[in-house]
Amino acid sequence: MTSSPTTFYSASAGSGKTYTLARDYLTLLFKSQFNNHYRKILAVTFTNKAVAEMKERVLEHLYNFGKQSIPDSSLGIFDHIKKVTGLNDDQLTKRATIIHQRLLHDYSAFDIVTIDAFNHRILRTFAKDIDLPAGFEVELDTDSLINKAIQNLLARAGRDKELTKKLVSFSLSKIDNNKSWDVAYDLMQISALIKNENHFKYLKSLESKTSEDFDRLAQNLKLKNKDLKTQLIELAQVLIDKSAQQGLEPTDFKGGSNSIFNTIVKVSNDIFTVSPDSGSVKNLIAGNLYAKTQKQSIKDSIDILRSDIADFGNAYKATYGHIKFHENIIKSIVPLSLLNELMHEINIIKKEEQIVPIYEFNGLLRNQIKDQPAPFIYERLGEKYRHYFIDEFQDTSRMQWENMMPLISNAIQSIDDYGDSGTLMLVGDAKQSIYRWRGSDANQFLDLLKEDQLFELNKSNETLEYNWRSYDNVIEFNNDFFKFYGDYLNNDTYKNLYQNYLHQNATHKKGGYVQVDFLNKEDFSFDDDEDIITPYPQHVHSLIKKIVSQGFELGDICILVRKHTQGHELAQYLVKQDITVVSGDSLLVEASPRVRLLVEFMKMSHQPDQQALKLAFLLEYVQYYQLEDKNTFIVNHINLSFNEILEVVFNDDISFMESAFAKAPLFKATEQTAHALGLFKEQDLRLQSFLELVFEFSNSQDVSLSRFLEHWEKKKEKLSVPATPDPQAVQIMTIHKSKGLEFPVVIVPYSDTQADFSIKPTDWVSVSPAAYEGFEHLYMSLASEAKFYPIHAQEVYTTHLHKTQMDHINGLYVAFTRAVEQLYVCSIDKPESKTQKESSLRHGQLLKRFLERDTAWNKEEMDLVTSFQKGTPIQLATSKSSTPTLPLGNYQVYSTGSRTDFSTRRGMLWASGVQEAINKGNLLHDYMSQIESIEDLPAVVLKIQNDDYISSQVKSELIETLNLLISPQYFEKYFKPDLNILNERGILTPEGKKFIPDRLIIDNGQVTIIDYKTGAQLEKHRDQLDYYAALLLQMDYKIKEKVLIYTDELKELVWN
């Protein structure tokens, strides 16, 4: 850690970024004389996963520092802190133990948080100032909000004449372009602008615009184009007349039947389709008007028109871009006007439901705090931070950075009461910026790197030079290839990044293997029943077999793709080849056969007379239970009534099922149905996730089966469960999902994208309000013709191309640097064309150029594949995927309304008073049941930290209570590691009743019975333990002690 108040770390992939963050954070803690200095530190990152990892690292190192023998994983940081602070081993160890305990007891002040969480905290403090309701809710499901607004907007059609006119116009324009007339899909697509803060200021400028404003703009542009076209048409007609006077035909000009004069004829007919880059326009301007073999008399006649023709060519070239620019803008006016209407609908919903979409956080904050002094903001927050850590700075948006600048500048420019200034540590890597589509801005990081100062103070730029992740052959390939690729970038700043901020040194990890394959698509054969459009699935399958033969587990392999459709294609093929796959598709909740069966039953229950719904249920039923004669079963049951089907499916007691969804609460009915169908006999996290969705929906205002089924249809394509390691399953994930992860073996197929390709690119262009009816910003598509637009629009197009190139190289960089031991890259063998521009080269073509210039690669040419290889394909490290995973616990169905696994946690989000105390007590019982000895405490604390359904305040209180309960001052004696413990183990009586003591300590046949209680001491508590003791006596145990622990008062009641 440098002495400069501001340090920028350039952290390439695998360079030990999290280690550096943890080291510098801990160093700050020990440099201070106070053991609660963490209260002065704010560390922000972007995901809950990153927050949990950072907190875990800090707590783990502090815990390790307190041990007599410090593990190797913490020794380096321990020695670093000693060197920086001057503390000796004993001093550092003692302080580490104190700080560790302080952090756990004061957990709510342990401010390593997501940037959204921090912004939410600030927004809460300024809610009144910006007219937000005090109890506003954060809306995370922004798609549902927007979809609701779209439906409300469309519902106005027929009643609102202006809106109806727009919708009809939009639908007709879509039909004219051979697209579906349905505007809802397009509105959902363009609404993506609302969620990306890069568009915030532009959309803000439209808020005050009316329908009449948009109409005037459209009319203005149409009139401008009419004038421009009229001028060119008149020039063209004059030329045609003069040409006729000279006795010339269009075929007399260069090109013959494809005469260059045809361009003039087209313009005279109001056709403006010929590009200024075309040969005909260039020849018109240059005067190449006829063939050398043309008759001299015709040449002489054409020469008379030479000057007029050149004038026309120049006028066409100068005017074409303006006409096309205006046409482009005109096409976007109706969608923009509808988007403006949609934003008004969203505002109505926000006000009615008292919600704030998460995408508005940064904009709201920017408007509120940009002119506020930092002390005032600190006063509102109730905190004053002196040290700031910002992780993944390349993913920080400009607005997020601007919102934090007042606080950071105040900290590093001022001195505290002890003469110390604040600090700022930024960590980032512009090469891993792959989230531009959601607001991140890598240029911000690159611009700040160039500066010598920040907030008028010197700053230090540090580079983490070593790659601790990969083996040296993988590192060398990435160093060399991306430096080579960087030369093809058109933007000098981006080129410099890959020239000077790329190279990484290898560590002790020697070896590794890289293979780049080019596939001959035409030579691959596909079976008729395989829906395969590329050769990649077959080739990836052959690679997997090769990798497994080296000793790797399937779980060591990760396949990275750019698009979900590519992952789906691979998964389908590999599953047919009996390769187990974990992918986005397989993790979808709706992919669970149990969920599908349950949903089809719910649909059938809702409309029991619908034959199609009966058939859908029976199809899922025979599939799930693997009935031998599926067709016969369906034929025999399709015409049965709903109740008759129930008798077949549920055998005996169908009284509940007949009216389950009509009478019982939705969640209870769903849960009982799943139980009756036998869906809980095996573990299925996706089923539990579905039940969680039902539970959450049950807390909404309008709960019914029909409403839930509508809700499910909207959610099912995105609702998924987190991936869990499976040593016998290949992982398939998108490159975006893989960021921050690593895998022993990585396969990257589909590496043949064009280097500057983007799908339907669009952007904003700034214009003169005086010339464009008061509009400052307009929205346009970025077709290749944009290079002829007015200069300000050309610059937007050029900038977009540069950023698109950066997106593509960054995506490849992230993918290639996930590999630890082996990297396999697959592309199509597509020859370069003679006229192909370097900016449009495909990734595969760049790879081949790179490989063919380097003789160190082993080249192997086969019938289907040309393969380049470097290194030896052998396994170098122990398989990480063989680490055992804990099984998912059985799902418990309760006949009563008492549930703690869902309702308690979610209740903590809104409960108050008595109910909050009850919920908190239930949670404390839950976490105490997971602690057998004091050694289990850190893991349980981590679980509490990661529980998204508990507020920060409750988390802090739970952690503090747990630490006190198990501390030497109170009840540590019951939690020593050498004790034989049974937590919440049921005792079954001869009558079939079950009783569950909280904790039993068994020692040589003697039992200590412990129960935890909240609230006041009651006699029935003693009676309960006496009854447990009587049951244990019947089981030939001797009772040593009976202990009641009252967690609120930290008191115990002990008797024999």
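Just so it is clear, glycine is given a Cβ too, placed from its N, Cα and C backbone atoms.
Remember, predicted model here, so these are calculated numbers, not experimental data.
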Item to complete: Give the range, chosen from 211-238, 911-938, 995-1022, that TrEMBL lists as coiled coil.
Response: 211-238
Worksheet item: Which are the residues of the chain, ALA11, SER12, ALA13, GLY14, SER15, GLY16, LYS17, THR18 excluded, whose CB is within 8 A of where the CB atoms of the ATP site average out, their centroid?
Response: THR20, ASP429, LEU464, ASN467, TRP468, ARG469
Fill in: DSSP-derived structure type at LYS17 (ATP binding site), helix or strand or else coil
helix
Practice prompt. Count the Cβ atoms, other than its own, that fall within 10 Å of the Cβ of GLY16 (ATP binding site), considering every protein chain shown.
Written response: 16
Discussion item. Can you give me the same-chain residues 6 or more apart in sequence from THR18 (ATP binding site) with a CB-CB distance under 8 Å?
Written reply: GLU53, MET54, ARG57
Worksheet item: Near ALA11 (ATP binding site), which residues of its own chain have a C-beta under 8 A away, given they sit six or more steps off in sequence?
Response: LYS17, THR20, VAL427, GLY428, ASP429, LEU464
Fill in: Integer mean pLDDT for the domain 'UvrD-like helicase C-terminal' (483-740)
84
Discussion item. Same chain only, sequence gap of 6 or more: which residues have a CB within under 8 Å of the CB of ALA13 (ATP binding site)?
Written reply: ASP429, LYS431, GLN432, ASN467, ARG469, TYR813, VAL814, THR817, ARG818
